[in-house]
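Quick look at what Swiss-Prot lists:
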- 185-200: compositional bias 'Basic and acidic residues' (COMPBIAS)
- 62-104: disulfide bond (DISULFID)
- 92-156: disulfide bond (DISULFID)
- 28-167: domain 'Ephrin RBD' (DOMAIN)
- 274: phosphoserine (MOD_RES)
- 1-27: signal peptide (SIGNAL)
């Protein structure tokens, strides 16, 4: 039975397949949303509407005020951005335990938070979205530091600062153009990359657990569930193969082990090189059992009593069994064997 073998070629093929699968499940990066009153998309007719698909990513950005950038407002605006269901978003209300995305409270830093639209999140606190459902990103504060904790109204009502996310749906009319991930300047400064494009989304940032203060780079997007599952499956198969190979090697080594050492039988103490069993019973010579040791005990002379015409197995409760046997013709000195 051969053990499974995983050569370097198999590992390389598995890695290539995993990379290809991860490439298939990666989505697109939507145009970022710059969250402050300088973003004119909030005042657009019909509101700020996006049509993300499962697998897409969306960046929410809080432009800094010091030094001012291309998307900065005249004065810094303080916001907390919440993800809410459709009915709550239409009323501009956040629940008592809101789903906080980003807090814009760092005037000297550009803050960013990346949303990954996925049905199942590998992160315990990750966000999950259902296709063909509507969600809202809203800000319910009034733009001041003192109003950060407000959970209803605010700029969502007064300035229309909310974004409607129509997940898995097609746009009616004009859709916000989407670019592939490779074309998005993810590693460059967002302000410089999009300064010449007036139709970009504007969203304030918040240094939450998933938000980072960014100079040139932001947080890495969370891994997609299919890619994580594929990697875990490949690792499980590899571990299973290694365990099988180890088990097969142990099994073969055990089979190749020599059988338990046995004590050689007693030497040839009589005719035919075997222990002779006393006459009378018509029994022929008997081969020594494993572990027996026969030692001849000779009598003192002809005055010794005749030996027994049979053999008897003495109790072996306290050691190896002992046999008393007869060997040789009656006229010769008696040979008695016992086992030590």
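Glycine residues also receive a Cβ, built from the backbone N, Cα and C atoms like all the rest.
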Per DSSP, three-state class assigned to residue 62 (disulfide bond): strand
Disulfide-bonded residues (92, 104, 156), the one with most neighbouring Cβ atoms at 10 Å: 104
Spatial separation of residue 156 (disulfide bond) from residue 104 (disulfide bond) - C-alpha basis, Å: 15
Neighbouring C-beta atoms (10 Å sphere around the C-beta of residue 62 (disulfide bond)): 34
Structural state of residue 156 (disulfide bond), classified by DSSP into three states: helix
Between residue 62 (disulfide bond) and residue 92 (disulfide bond): CA-CA distance (Å): 20
Cα-Cα distance linking residue 156 (disulfide bond) and residue 62 (disulfide bond), given in Å to the nearest integer: 16
